[in-house]
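Note sheet for the following structure.
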């Protein structure tokens, strides 16, 4: 495949650089906390520590050390989901009572020492600091807001100042630490390559790790800070490089309706009302499914089979000609392939998350599940029922309760458009993205806000891709036609052909060094885009935007912004 010319592609804008406090240190990967109540970014380093950055000010909050004997390869946050915020006047509190705390902030670290460590934020220290500031007449800070991360500093906080709020000459060393080492998970025989916590709406709190010993371990939290091994999967024939869970897409009928209406307005000038404008959050396409990528060039999908009483492999994806370095499931309902006349309920029934992967073979691929004949007939029947006015969707609200009665045989807690009837599935390659990289592609991430994909590799390049309806794309060398999307003949929705195009790029992102990892991170610094102007509403605040975070061999973490024109285009699409 010919490499795409990079000359005419818009450039990513450098926002800031986070410098590792230890010189000569390699940084392996970074992970943003997805909750707005914990604006934190964690970075794994080769000096056996994890750096914690405040994403509002991009300053170093703390460095976690002492839990591992060798370099830390990967990090991940336990996700409790974004909870609805209550105004202070709505919370009944007795005089002198502390404000309610949010869920504990828990970080996992995987190391070359073959162990996985779990760390918990020391909330008491942060609350102590916040109460002292209030006694001194200071304004309410992030340390004292309900549910906010205690100890997370505002821009005017003095991070270097140390005070003894207990009037005690000396405190226990553990009480002085921002983080305490909670649990050490042992078992794998060699270095931990990747780890991932399960989504908050799963039926159990799970943690997956993968290792150079060709294994994938699944752990379950049976009690707070108490984890047990529930599965060891050893089907891969080589190092397992990555793991990820299928979370589905968090959305609402109103959001899908608005986006469909905007598409019709663009194409047909239609501004008529759309049905199904319920604003309650739903989770589409989620089921307990774990994906792993390996040195053996394959991707495997695993789940807990109740009939077998064990975790099993239900699909093997072959198509890469080199090591699979990273995999991610789709968490954004992309409407590019849907005709403009598609209804909200039809999208909810039809949409299913895809998988994206990157490899040593210099390709980024998108995979989709091929429905069986029985599943195809079932989907057709449900779409026909919708068109007859029968509301038979299978969704849940954000708390896991059934929004509507699901059809027989479907899960009410974890929604899935089509429930696989057997223990095997067929996944097919749907598209190969435009060729950009000339060396191994180490990481890929799929935005849950915009559907954009980003990749990085040993050539120092960061590339951003967008999927669009084929008719609206420019027919030039940076476009790869994807033909039909693999589902055109299934169901009554005739899908439109789509294509992927490179929409932003940066070369030598970390100078001459390799880029080990890249991810999307929610914007938390609250600065508005200049072009929005003073009259912009709260909905225009670019807190809804995302940054791109790259982590490199140079020991630096760099933060990037999308080109302005692309940002404006996304605002009109999403």
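A Cβ is built for glycine as well, from the same backbone N, Cα and C atoms used for every other residue.
The feature compositional bias 'Polar residues' is assigned by TrEMBL to 1-11. As annotated by TrEMBL, compositional bias 'Low complexity' applies to 13-27, 392-409. Residues annotated as region 'Disordered' in TrEMBL: 1-34, 85-107, 127-161, 257-280, 391-421. Sequence annotations record features per position, and here TrEMBL assigns repeat 'WD' to 40-63, 185-220.
Residues 70, 73-81, 108, 110-118, 227-234, 236-245, 247-248, 283, 286, 288, 290, 292, 294, 302, 311, 396, 398, 400, 413-414 of the same chain, all 6+ positions outside the repeat 'WD' (185-220), place their C-beta atoms under 8 angstroms from a C-beta of that stretch. Residues 363, 432, 434-436, 438, 461, 477-478, 502-507, 563, 565-566 of the same chain, all 6+ positions outside the compositional bias 'Polar residues' (1-11), place their C-beta atoms under 8 angstroms from a C-beta of that stretch. In terms of DSSP secondary structure, the region 'Disordered' (1-34) contains 0 helix, 14 strand, 20 coil. Each residue of the repeat 'WD' (40-63) gets a DSSP state, and the totals for helix, strand and coil are 0 helix, 17 strand, 7 coil. The repeat 'WD' (185-220) scores a mean pLDDT of 97 in the predicted structure. Broken down by DSSP into helix, strand and coil, the repeat 'WD' (185-220) contains 0 helix, 18 strand, 18 coil.
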